[in-house]
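Input: a single structure, listed below in structure tokens.
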Amino acid sequence: MVTEAQASGVSLGKVSSVESSPEGHALENKGTGTWSLTAWVSEVQAFEARAVRAQAWETQAFEAQSRASHPKVTPVTGAAAAPVLRQRFLPEKVQVPEEEKSELLVTRPFWSNKAEYLLAQVGYTLRPASLWSFCYLWLHGGGGIFLIIYIFLLFLIGIPLLFLEMTAGQRMRQGNIGVWKAINPWTGGIGYTSFMVCFINGLFLNVVTAWILFYLSQSFQFPVPWEKCPLLENASGFDPECARTTPSLYFWYRMTLKASDSIEDSGPPVLSLTLPLFVSLCLLGAFMLKGLKWTGKVMCVLVSTSGLIMLYLVVRSIMLEGAVFGLHYMTVVKISTIADVNIWRGAGNQVLYSLGLGFGAIVSIASHMQSSNSCLSDAVIVALANLVSMILVTPFIFSVLGFWATQLTHHCNAKNIETILKLVNMGILPPEAQPPQNLIGNPTSIFTSWFNSLSHPIKKEVLSHVSECNLEEQFLKIKESTNFAFLAFIEAMSFIPGSISWSILFFLMLLNLELSTMIGITHSVITSLQDTFISVQKYTKLFTVVVLMLMFLCGLFFTRPSGSYYIRLLTDYWTIIPIIIVIIFENLAVNWARKASSFFPDTANLWGHPMYTIMRWLWSCIIPFVLLALSMTSVFQLSQKNITYLAWDSSISKEVVRQYPSWGLFTLFALSLTVILPIPIYFVYCFTHGIPSSSTSRDKPTISSKSLPVSLQLTPIEEVENEEILQGDTQIADQPVV
């Protein structure tokens with residue numbers, strides 16, 4: 001029969017992680033009775049149901065891990081432990097010393113239900129930039145072949161890596177910085193690198209949200225301001241700079257960005273973007289300040305609303321003129337591209353980026369789920385939801401771009417007819433070149449029929465005075481830049497009857513998607529800092545406001561006239577390399593510290609069902625080599641590219657290609673080096689200080705005796721009810737796996 005003192009001693013030894021020390025084992029072995037496994041489990045469960053349920057044992061579970069890579073364990077000797085072993089814990093109460101009651105913090109909140117958790121993960125992955133890049137790669141990457149390659153890589157590396165990050169966050173219940181220290185102290189630098197990449201991306205993604213807010217606010221005018229050129233003040237003519245280009249380009253560069261002619265030309269933040277940037281961060285604050293339960297409900301609304309708007313726009317877009325032409329490119333299959341390394345590289349990078357891997361947001365979101373939750377099914381659901389969403393939005397994008405190319409071709413042919421009429425009236429072209437003046441219906445078809453009826457000499461003479469209007473060439477001018485997609489959709493919507501309703505719905509959908517992504521990124525930043533600096537958990541709302549204000553002040557850098565050029569530099573030439581490096585080391589951390597052979601059985605025991613052998617094989621053998629190949633091909637591809645950007649030349653009112661200056665390339669290299677350095681620096685630090693490479697708390701948060709909210713020197717003082725400890729939206733957490 002196990003005595004009460006022995007049960008209490010074993011439980012306290014378990015919570016304070018003294019089981020790994022000789023003193024801890026000595027304490028467990030005290031007593032004359034024979035320990036029975038059933039009795040031991042029964043006593044431990046009974047104790048946890050009363051004392052641990054009050055969450056006093058987990059309140060500062062991550063403090064020791066955040067203060068030192070290897071927690072110092074305070075052994076419990078016989079003399080010191082004697083008062084503890086004699087202490088009786090009441091069924092519904094725990095005893096807390098007065099001086100430590102003030103340090104009692106609320107434990108990690110949990111999602112209200114699994115649906116909110118999954119929608120939060122899906123909403124984070126549905127970033128507008130990844131939706132556009134998927135469609136661009138489909139168009140220029142072999143059509144259906146790209147889709148096949150993408151799906152193959154999604155199941156080969158995407159879902160296993162998504163499962164890895166979900167499992168790490170859910171098991172350790174820590175933010176992105178602390179989780180990799182808990183898995184293996186030597187790989188603690190991964191969290192710092194991932195945190196910096198997440199924070200920097202969050203800065204300029206907030207500015208993208210500000211762009212969307214600005215356009216949404218302007219969409220309630222009739223006509224929308226990017227549909228026609230503005231009139232000059234005190235004059236009847238249009239602005240000459242706008243007259244030399246399109247109204248949508250003019251509004252984007254001159255009215256929204258107030259863009260400079262080059263990245264070297266800078267200036268103060270643009271006021272028209274500063275206010276939307278502040279509003280976007282206020283929205284984030286309103287969605288996050290009330291706690292995780294409120295955030296989960298907000299994510300449900302944002303994701304579901306985006307899906308409904310997307311469905312409506314898909315149905316409506318396929319009815320547009322030229323939509324069939326655009327949809328035709330969805331069915332193109334170029335078999336020869338299956339051997340193209342660039343197609344595989346693009347598909348692999350798209351898998352990593354579209355799932356949001358390496359940023360730490362998945363880890364942070366998953367850290368608020370119970371440990372018994374099955375991560376594998378969640379990873380499959382999130383990945384498939386992301387894939388279905390991208391496939392669903394592709395017909396909408398191709399239809400709108402087909403309509404856009406058709407309208408521009410119509411305008412081109414109409415302009416050619418005007419030019420030919422002037423030349424015929426001036427006598428430069430013969431009367432036989434007189435074009436038809438009635439272009440009602442299909443201007444392109446009418447002009448093409450008339451042009452083909454001309455004799456060869458006249459046709460050749462006409463071509464020397466007009467530009468060629470080719471629908472297919474216009475459609476294939478689509479560029480990879482998200483700025484191009486933004487402008488193309490804006491211009492296309494200006495041609496649609498009822499452009500106001502289209503604009504409002506389109507920008508509302510973009511805003512919902514961007515806010516969903518930013519909630520995940522901001523949550524990752526705040527959670528990582530809170531888990532690192534335990535004291536700020538007492539002031540969660542104030543700390544959230546401070547972080548949002550810091551992001552606002554730093555984001556002002558990208559609202560300057562040259563800010564969009566810096567955003568282009570980061571998105572096109574910087575983000576993907578640090579992300580791949582982070583993911584490589586995440587995979588190595590799990591395989592090195594835990595070994596896949598032990599990680600998966602532990603996970604299977606936690607979930608109550610076996611793991612598939614193929615997942616273990618993918619993690620250990622295939623994924624590291626695929627990621628290494630992706631990193632090498634990406635670096636090689638970037639080294640072969642000209643580091644250029646599209647700038648606005650106000651003198652000719654056109655976009656021009658400019659080379660990034662040498663200092664810009666140096667900044668790119670320095671930033672890459674800065675975010676990657678924490679990984680080797682932390683490794684060297686642990687190696688030189690003799691910190692072991694294996695953690696004593698591989699599958700659970702490390703709790704040292706210092707972090708326990710109930711002191712080992714328990715005295716019969718004020719008793720605290722369980723209900724007083726549970727605050728806000730906190731839920732009872734599952735106990736860490738032993």
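One-based numbering along the chain as shown.
In case you wondered, yes, glycine gets a Cβ from its N, Cα and C as well.
If you look up TrEMBL, you'll see Gly123, Ser354, Asn386, Leu513 marked as Na(+) binding site. The DSSP secondary structure for Gly123 (Na(+) binding site) is helix.
For 1-30, the entry in TrEMBL reads region 'Disordered'.
What TrEMBL lists as transmembrane segment is 145-164 (among others).
Per TrEMBL, the feature transmembrane segment maps to 190-216 (among others).
Listed by sequence, the residues of this chain that lie at least six past the ends of the transmembrane segment (270-289) yet keep a Cβ under 8 A from its Cβ atoms are 206-207, 209-211, 213-214, 217, 255-258, 295, 298, 515, 518-519, 522-523, 526, 541, 544-545, 548-549, 551-552, 555-556, 559-561, 563. Annotation source TrEMBL lists transmembrane segment at 270-289 (among others).
Taken from TrEMBL, the feature transmembrane segment covers 301-319 (among others). Residues 119, 122-123, 126, 327, 389, 392-393, 395-396, 399-400, 403, 505-506, 508-509, 512-513, 515-516, 519 of the same chain lie 6+ residues outside the transmembrane segment (301-319) yet bring a C-beta within less than 8 angstroms of a C-beta in it.
The transmembrane segment annotation in TrEMBL covers 325-344 (among others). Listed by sequence, the residues of this chain that lie at least six past the ends of the transmembrane segment (325-344) yet keep a Cβ under 8 A from its Cβ atoms are 137-139, 141-146, 149, 153, 318, 394-395, 398-403, 405-406, 471, 475, 633, 637.
Residues or ranges marked as transmembrane segment by TrEMBL: 351-369 (among others).
Residues 118, 121-122, 125-126, 130-132, 134-135, 138-139, 147, 151, 154, 158-159, 162, 307, 310-311, 313-314, 317-318, 320-327, 329-330, 354-355, 471, 474-475, 478, 485, 488-489, 491-493, 495-496 of the same chain lie 6 or more positions beyond the ends of the transmembrane segment (381-405) yet place their CB under 8 Å from a CB of it. As annotated by TrEMBL, transmembrane segment applies to 381-405 (among others).
The transmembrane segment annotation in TrEMBL covers 484-510 (among others).
Taken from TrEMBL, the feature transmembrane segment applies to 539-558 (among others). Same-chain residues lying 6+ beyond the ends of the transmembrane segment (539-558) with a Cβ under 8 Å from its Cβ atoms: 199, 202-204, 206-207, 210, 269, 274, 277-278, 281, 284-285, 288-289, 522, 525-526, 529-530, 564, 566-567.
Under the heading transmembrane segment, TrEMBL lists 565-585 (among others).
As annotated by TrEMBL, transmembrane segment applies to 617-639 (among others). Listed as Cβ neighbours of the transmembrane segment (617-639) (distance under 8 Å, sequence separation of 6 or more from its ends, same chain) are residues 153, 156-157, 160-161, 164, 341-342, 344-345, 348-349, 352, 573, 576-577, 580-581, 583-584, 587-588, 590-591, 596.
TrEMBL lists 660-685 (among others) with the feature transmembrane segment. The list of residues near the transmembrane segment (660-685) in space but at least 6 beyond its ends in sequence, with Cβ under 8 angstroms from a Cβ of it, reads 69, 186-190, 192-193, 196-197, 200, 263-264, 569, 573-574, 577-578, 581, 585, 643-645, 691.
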Suppose I define contact as three or more CB-CB distances under 8 A, residues 6 or more apart in sequence; do the transmembrane segment (351-369) and the transmembrane segment (484-510) meet it?
no
Six or more residues out from either end of the transmembrane segment (190-216), which same-chain residues have a Cβ under 8 Å from its Cβ atoms?
127-129, 175-181, 256, 272-273, 276-277, 279-281, 358-361, 486, 490, 503-504, 507-508, 510-511, 514-515, 517-518, 521-522, 524-525, 528, 551-552, 554-555, 557-559, 563, 566-567, 570-571, 575, 578-579, 581-582, 585-586, 589, 671, 674-676, 678-679, 682
Compute the mean position of the Cβ atoms of Gly123, Ser354, Asn386, Leu513, which form the recorded Na(+) site, and then list in sequence order the other residues of that chain whose Cβ is within 8 Å of it.
Val122, Tyr124, Thr125, Leu126, Arg127, Ser130, Leu131, Gly356, Ser389, Ser516, Thr517
Suppose we draw a 10 Å sphere around the Cβ of Gly123 (Na(+) binding site). How many other Cβ atoms does it contain, all chains included?
26
Hey, which bits of the same chain come close to the transmembrane segment (145-164), Cβ under 8 Å, at least six residues off its ends?
134, 137-138, 333-335, 337-338, 343-344, 346-348, 350-352, 355, 357, 362, 375-376, 379-380, 382-383, 387, 391, 583, 586-587, 590, 615, 618-619, 622-623, 626-627
Please report the DSSP secondary structure of Ser354 (Na(+) binding site), reduced to three states.
helix
